[in-house]
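According to TrEMBL, the feature transmembrane segment maps to 6-21, 41-63, 83-104, 111-130, 142-164, 185-204, 216-238.
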Amino acid sequence: MIFIGGLLLAVLPLMWLLLPRKEYNIRHKQRHGLILFKKIISIPGVVMMCFSAYDCFIGITFFQPALEIHAKTFGFSQGGAALLFLCTSGAYTIGAPLAGFFLNKKPWGRISIVAGSLGAACGILFMGPAPFFAQVLPEKAVWLLVVSLFGRGLFNAWFFVSILPEMFNCCQEAGLHHSLQLDSMVSCLYTGFINLGSFVGPFAGGFMNNYLGFPWSTAIVSIFLAAKALVAAIFFAYNRRTSHTSYEKIEDK
């Protein structure tokens, strides 16, 4: 490790000497970057994708402080609780490549976001299960918990994989040209909202589990994700209708 660190430090002066010199107008670059950033965040589709990334990671991380405690009510040890976490991760590992493969074949990214969000909401709803299913579903059934965790991981894959490509699609539809600066800003927005969801999810999950219990916590988060999926579906339908209308007007002219 010391050798590698010393080698990297030794390479830095060589990079400064060997790389070509180029004059940059920093003020112009900053002004152009600020204008581009304002254009990006003014695109409704990009804003919708940012909030999709945010609530996707709330749904992924909210149960992290509570699932182990909930698993102990089933008699699971710490190793068994770790296997429950592996259910979701393993399902995501299987689902993400499949989602990427099919979405490369068909442009169904927005449908995938809505369907994945609804599916993840259903999986979370049955994790508790929700109190209003007490008469229908067993309260402490290991098979139901495992199936809901596995299904949640699969649907999260379809939900999450589509978000970043759709952000770039929204920018292109708004007339922004592909560039390194555009890619960097979109990626920063995407990563920022993911990190925000990763912070809010465990905090909200621990708080709700402490005061409401695990079943009600999962019910609230699932309703939140389902409501977000409904809003996204309405937005995508309206956006598609307006884009078709504007295209027909251009053809008539």
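For all residues, glycine too, the Cβ spot is worked out from N, Cα and C.
Any TrEMBL annotation is an automated prediction that lacks curation.
Between the transmembrane segment (41-63) and the stretches 83-104, 185-204, 216-238, Cβ pairs under 8 Å are most numerous for 185-204. Sequence-distant contacts of the transmembrane segment (216-238) (same chain, at least 6 residues past either end, Cβ-Cβ under 8 Å): 44-45, 48, 51-52, 55, 58-59, 62-63, 66, 110, 113-114, 117-118, 120-122, 124-125, 127-132, 204-205, 208-209. Same-chain residues lying 6+ beyond the ends of the transmembrane segment (142-164) with a Cβ under 8 Å from its Cβ atoms: 49, 52-53, 56, 59-60, 71, 74, 84, 87-92, 94-96, 98-100, 103, 109-110, 112-113, 115-120, 122-127, 129, 186-187, 190.
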